[in-house]
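Chemist: Below you'll find the structure I mean.
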């Protein structure tokens, strides 16, 4: 019998005004208290997380629904947004972040991205009306979004876009079964160069997501597979094809680099980090088969780990493509069954390690991983110890449990997307690093939720 939820989801606010048409996805800015929402009305709506009001409407760049968007990381002085549309194009938008000072501020907003992120957040909160009524300035705000460049290459609807950790590479995927990787030349002229086109998927590619610390890309597809891609000697190629889902894989997301399960004592947390250092961050996926699954990379042999140079041990360049680039990924666990219909999005919090999933049943589900003892009652959902655990110590056992659910979160409508964001409104507890959940649905609405544990 499933355990009773131990946390509570509560509606904090709707983002207003909502779109009058279906909304697909909401992307929180990496350093500022704003989000961008993609809509079927061909626009992207930018909302404040300080007062939950519409700040800008980005329009004019696409001829059909805007399906996806992503903020470029590590940009100083401006915000850069990539948008993907059903018109088969990708747009790049820019806007200067010069908004003056604020009384309240959000100096702690940044998540270790840049030294100036706190000042940037404070200026934005003020200029975007943190606690004030600035709606009459919306028209001026709109004009400040500059449509920088249109990336044309896909033959069909663009389903997902994702920036690499450095912000230099942009991955896009499409119904045309291809994945494109573009390099931002950062030359001041908004020039992008096509780095790779990968066509190994045998169906519509639904999602692309970059590893949080490496230039490794994960993709999810209508062909029921997840694939991993890396660059080797200037040539991008597939290094793993993960099979396990019995239906379309809608979404993949990565674990945070320093994520540790809930309730960890210092020594246990250190043991966890040591035993997971070789395999790196895990991957989570969700599917038409109604499951949410976690995958872990098998560590390579120590010699392969040490000799990663394309020049080999001699230091002399080799004209032969090195072997051993393939990776082995295994299913670590399937999370407790909590959805009745297709699961469209799963999001892994980089701050808390919590997982959230949403889908066609209109339900929000939040999961937590915790350390457990070795008794047989907890073995069903436990992760397997790593055979290559550091210093021979076994990996601590964990299990995933559902800690909160919300049925009918958007009334009768399907929920298309969920994301974690840092809380920025006045109700935030002083000194607390709180997170909120942001859900995006077919009703055109975007809702912000708190989770009390």
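Note: Cβ is positioned from N, Cα and C throughout, glycine not excepted.
Heads up, here are the entries from Swiss-Prot:
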type	residues	note
COMPBIAS	132-142	compositional bias 'Acidic residues'
COMPBIAS	309-319	compositional bias 'Low complexity'
REGION	107-142	region 'Disordered'
REGION	300-319	region 'Disordered'
REPEAT	15-57	repeat 'WD 1'
REPEAT	61-103	repeat 'WD 2'
REPEAT	153-192	repeat 'WD 3'
REPEAT	200-239	repeat 'WD 4'
REPEAT	244-305	repeat 'WD 5'
REPEAT	338-377	repeat 'WD 6'
REPEAT	409-450	repeat 'WD 7'
Chemist: State, in range form, which of 153-192, 200-239, 338-377, 409-450 has the highest count of Cβ pairs under 8 Å to the repeat 'WD 1' (15-57).
Modeler: 409-450
Chemist: Checking distant contacts: for the repeat 'WD 4' (200-239), what same-chain residues at least six beyond its ends satisfy Cβ-Cβ under 8 A?
Modeler: 159-166, 169, 171-175, 177-179, 181, 245-257, 280-281, 283, 285, 287, 295, 310, 321-322, 325-327, 329, 350
Chemist: Which value does the mean pLDDT take for the repeat 'WD 5' (244-305) in this predicted structure?
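Modeler: Across the residues of the repeat 'WD 5' (244-305) the model's pLDDT averages 88 on the 0 to 100 scale.
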